[in-house]
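For reference, the structure is listed below as structure tokens.
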Amino acid sequence: MSGIDPKRFGKVAVLFGGESAEREVSLTSGRLVLQGLRDAGVDAHPFDPAERPLSALKDEGFVRAFNALHGGYGENGQIQGALDFYGIRYTGSGVLGSALGLDKFRTKLVWQQTGVPTPPFETVMRGDDLAARATDIVAKLGLPLFVKPASEGSSVAVLKVKTADALPAALAEAATHDKIVIVEKSIEGGGEYTACIAGDLDLPLIKIVPAGEFYDYHAKYVADDTQYLIPCGLPAEQEAELKRIARRAFAVLGCTDWGRADFMLDAAGNAYFLEVNTAPGMTDHSLPPKAARAVGIGYSELVVKVLSLTLND
């Protein structure tokens, strides 16, 4: 596909592991990315920032990094800033796009100001009177609701709440993961979709049909009964328009090159964007490899394409 001489990439670090709640997912992603790059002839090496100082990247002559870290400092702009400081090119978004992309609260604020549709929501701060806030939120948003920490990925600590009585406990659980908790109106009727973005590749939308209540951590990385529908079943014109909106939702946050934008459709077919992911999972359960495979792009070819985006000015 790319016709790129792998020697152009130089010495490449595959960053994976880290110290976030998503460490295990990152370890799986990183090992597969490493193998995919090596299969293509890239001089790629494993690098876990939880075990080695980042300064070793410069000391050991790395010129490029494939970021397979998920959550925490790997996705919130910190690693990106350090790599900028060391002059090492890296996959995915820069400091601003990464920081905003991991912060669901500020993502939604930007979307509200730029016309990207997103579900109505309220925020709860750690230390708030949870019972009082729960009563107020149910009155404003109704039920069911989704409760999620503002800055965790992979659906860590995301809970669906169907009754008012269950909301305070869900808020308390989410607040153990983040000082800001998002409470979002559940969009029902049309299903959940993701748009995978990888440079100029035209990847199909994926409709996600979990066997359980929603697409949680277990459905993403453990269960084998989640259905991923490609093609997604939408009319071609609607799919093209949703992909256009997804790219805009990604771009207005300052996100670049590669990632995902997740959204729900209501019963009338209206889209509501939930979040972006600037360092998507690359496990055998993950969505970008599935979307690429559907259009004839294998795993190794996909990771080389993503890495090739670091060659652009």
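Note that Cβ sites are derived from N, Cα and C of the backbone, with glycine treated the same way.
Residues annotated as domain 'ATP-grasp' in Swiss-Prot: 108-308.
Within 10 Å of the C-beta of ALA166 (ATP binding site) there are 17 other C-beta atoms, taking all protein chains into account. For 138-193, the entry in Swiss-Prot reads ATP binding site, with the evidence type sequence analysis.
Long-range Cβ neighbours of GLU275 (Mg(2+) 1 binding site) (same chain, at least 6 residues apart, Cβ-Cβ under 8 Å): GLY101, LYS104, THR107, ALA261, ASP262. Under the heading Mg(2+) 1 binding site, Swiss-Prot lists ASP262, GLU275.
Residues or ranges marked as Mg(2+) 2 binding site by Swiss-Prot on the basis of sequence analysis: GLU275, ASN277. For ASN277 (Mg(2+) 2 binding site), the number of other Cβ atoms no farther than 10 Å from its own Cβ, over all displayed protein chains, is 27.
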Integer Cα-Cα distance in angstrom, LEU159 (ATP binding site) to ASN277 (Mg(2+) 2 binding site): 19
Most Cβ neighbours inside 10 Å, all chains, among the binding-site residues VAL138, LEU145, LEU159, ILE180, ILE187: LEU145
Least surrounded among the binding-site residues, given as GLU173, ASP262, when other CB atoms within 10 Å are counted: GLU173
Residue pair ILE187 (ATP binding site), ASN277 (Mg(2+) 2 binding site) - Cα distance, angstrom, rounded: 20
Arithmetic mean of per-residue pLDDT over the domain 'ATP-grasp' (108-308): 93
